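Peer 1: Just passing along the structure, written as structure tokens.
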Amino acid sequence: MSCPVIELTQQLIRRPSLSPDDAGCQALLIERLQAIGFTVERMDFADTQNFWAWRGQGETLAFAGHTDVVPPGDADRWINPPFEPTIRDGMLFGRGAADMKGSLAAMVVAAERFVAQHPNHAGRLAFLITSDEEASAHNGTVKVVEALMARNERLDYCLVGEPSSIEVVGDVVKNGRRGSLTCNLTIHGVQGHVAYPHLADNPVHRAAPFLNELVAIEWDQGNEFFPATSMQIANIQAGTGSNNVIPGELFVQFNFRFSTELTDEMIKAQVLALLEKHQLRYTVDWWLSGQPFLTARGKLVDAVVNAVEHYNEIKPQLLTTGGTSDGRFIARMGAQVVELGPVNATIHKINECVNAADLQLLARMYQRIMEQLVA
């Protein structure tokens, strides 16, 4: 299949960019962007490669994405080696095909076509690319955003190419994401012999009423954009492995995916009040990996919806479901942020694949978004 989007996607897949190793992907993208007049600024932090590229001036539309991928798992279970892109029955197989090297290729080809047709475009077109989204994400988009904010860089609109679609490309557009807050809680007791409970203090027994009340809380009812806040216990650990020792500590890890009805401080206050109510001795550590954000109907959402309707003749759903993305960092700049990408049915799985025709369609959608906002 001869298509610039497919060919570039295949070139990217051949580079085994296991997070945070870029494996040469960004050099390939930079070469293409510089060829059409983009200024490129590399912004590497520690082991992570990032770049910020721009062309033109004024109102700014950025396309954001990541070159890194998750490990392929058992390569023998793939129908073809995971880093050897193969097209079968119209599907392009390879690690990163959907998440998100196909989107990156579609963005770059869309930019090439857009610049060819609008060499003197009115606004500024930009790219924010990182090699660490799948792993810690500590030195990726968040660091670039901090650097851009420190120098008052302008960013009005941002299109993140994460695989947002469910069945056909564009059927779901993410115009926001829930916040994510993790609590690492240790309940302290006194270790002892199970035959002498009066000489010990069992933290599991003490914590049970607290945990029972915690899981029963209705945090909020959500709103028209967000589902209700969810709390899930992810890990519980206690004991020595022996059946005759009362443990001295209980470790509980739980995560909140929260809506704009709450703040992380409100959640923390309610959890701490509950711990005090049950008179527990504890230490607690919080990790906020992202605040909730929402892009309401406006120029970016309208442009994305228009592009999907024009090329796929469907009306996309605007949703905020799913995990976190780098959009949570970019939203701090005050930009309107929307995610539009290919079907996500096989991401992170054995035999990850994407419909080759969808990538061609996606490039057309991206180009139309550029034309509506910065032409």
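Yeah, the Cβs are placed from backbone N, Cα and C, and that goes for glycine too.
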Peer 1: The Zn(2+) 2 site in Swiss-Prot includes GLU134, HIS348. Which of ASP89, ASP99, ASP171 is also listed there?
Peer 2: ASP99
Peer 1: May I ask you to find which of GLU7, GLU153, GLU162, GLU167 Swiss-Prot records for the Zn(2+) 1 site already listed with HIS66, ASP99?
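Peer 2: For Zn(2+) 1, Swiss-Prot names HIS66, ASP99; of GLU7, GLU153, GLU162, GLU167, the listed one is GLU162.
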Peer 1: Cβ within 8 Å of the Zn(2+) 2 site centroid (ASP99, GLU134, HIS348 excluded): which residues?
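Peer 2: Apart from the listed residues, the neighbours are VAL69, VAL70, GLY96, MET100, ILE347.
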Peer 1: Among the binding-site residues HIS66, HIS348, which residue has its Cβ surrounded by the fewest other Cβ atoms within 10 Å?
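Peer 2: Checked HIS66, HIS348; of these binding-site residues, fewest Cβ neighbours within 10 Å: HIS348.
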Peer 1: Out of ASP99, GLU133, GLU134, which of the recorded positions has the smallest number of neighbouring Cβ atoms within 10 Å?
Peer 2: GLU134
Peer 1: In whole Å, how far does the CA atom of ASP99 (Zn(2+) 1 binding site) lie from that of HIS348 (Zn(2+) 2 binding site)?
Peer 2: 8
Peer 1: Give the sequence-ordered list of residues that share a chain with GLU162 (Zn(2+) 1 binding site), lie 6 or more positions from it, and have CB atoms under 8 Å from its CB.
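Peer 2: Expected: GLY65, ASP99, MET100, SER103, LYS174, SER325, GLY327, GLU339, GLY341.
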Peer 1: May I ask for the distance between HIS348 (Zn(2+) 2 binding site) and ASP68 (active site), taken between their Cα atoms and rounded to an integer number of Å?
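Peer 2: With the alpha carbons as reference points, the distance is 12 Å.
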Peer 1: Rounded to the nearest Å, what's the C-alpha distance separating GLU134 (Zn(2+) 2 binding site) and ASP68 (active site)? Just drop the number here, would you?
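Peer 2: The separation of the Cα atoms works out to 7 Å.
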